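Straight from Swiss-Prot, the features:
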| type | residues | note |
| --- | --- | --- |
| REGION | 1-29 | region 'Disordered' |
| REGION | 56-139 | region 'Disordered' |
| COMPBIAS | 107-117 | compositional bias 'Polar residues' |
| COMPBIAS | 129-139 | compositional bias 'Polar residues' |
| COMPBIAS | 151-160 | compositional bias 'Polar residues' |
| REGION | 151-200 | region 'Disordered' |
| COMPBIAS | 162-178 | compositional bias 'Basic and acidic residues' |
| DOMAIN | 194-268 | domain 'POU-specific' |
| DNA_BIND | 286-345 | DNA-binding region |
Amino acid sequence: MAATAQYLPRNNSLPSNPLMHPDSDRMHQGTTYREVQKMMHQEYLQGLATNAGHPMSLTHHQWLPNPTSDWGSGSHLGAQAEHGKSGVQSSREDLSSSFHHHRSHLVHQQTPSSHAWAQSGGHHLPSMSPGSNSHQPLIYSQSSYTNLNGMLGPQASSLHHSMRDPLHDDPGVHDTHVESPPQHLGHHQDHSDEDAPSSDDLEQFAKQFKQRRIKLGFTQADVGLALGTLYGNVFSQTTICRFEALQLSFKNMCKLKPLLNKWLEETDSTTGSPTNLDKIAAQGRKRKKRTSIEVGVKGALENHFLKCPKPSAHEITSLADSLQLEKEVVRVWFCNRRQKEKRMTPAGVPHPPMEDVYSQAETPPLHHTLQTSVQ
């Protein structure tokens, strides 16, 4: 029993290589193994007496050596051992040659390597005799499949199930089903690419749009506000300018193109009626007309500016009433006049006080004096 306990840990090393030759140095070390051989040989003789002619007992005990020799002295035992070695070697060669094939060949076709391995695995299963240890066959049978999965690589689990039932799963159909969605997705992508305009089409449309817009007499700001009134999307003058100059992104160009195309169609349909054109033009920015001031009115404003270049709000109101002008027009005129005076005065020349310069109406302004001195 002590020898059996010593043998069991060594038997745990068998799953690392179930096809290892019995003469390997890894399994034969020390005199303890010789004692185990003697004990196992005695069990073998008892097994022959109890299970005479049983194939599983013979195949199981073909690995047990004779105390006088390594492989036993019986003719039937030697022939069985030679047959086991040749079967193991042939299965090893067949298995190594089948590793280079595709995984689908191993699943769809029952190659000789799989049959040889199944047979060799069956020969290695020990007999379940009442006197033998029940834990040993479980460990040994599991190790053969464990090492098979390890030698076959990362896909060993699927291959192992396929060897038990070849019709369990069809990897070819599975691979086709997995690869089909990307093809379907690519079909939708091609369809969307066909709908999107090309860069040449966008460039040609931007050129035609600019020509037709100028011909119709609309500014870029008018087009942006008209799009907001007609379709609810207000665009700035900068956006329309960048579209015509092809400075927007391709995505924004594609979004803006159909809106501008609809606006052109709407404008072309109303070309014959000036009323509709006036409505579309009125959708643009409302800009005040430039006010033209008469010569006599401009002289009166100039005289008042010489007296007081920055009048108060009350003075502007009274001056606008006397000249029959709008209050805003008078205010803007004085602002522009002060800016003009500031531009015409050199920066290096000190600016005299306004009271001294404009104390007398007959005295010309400072810039007239400077121009006379320079001449």
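Placement of Cβ uses the backbone N, Cα and C atoms for every residue, glycine included.
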Residues of the domain 'POU-specific' (194-268) by DSSP state, where helix covers H, G and I: 59 helix, 0 strand, 16 coil
Tally of residues which DSSP labels helix, strand or coil - the DNA-binding region (286-345): 42 helix, 0 strand, 18 coil
Integer average pLDDT (0 to 100) for the DNA-binding region (286-345): 86
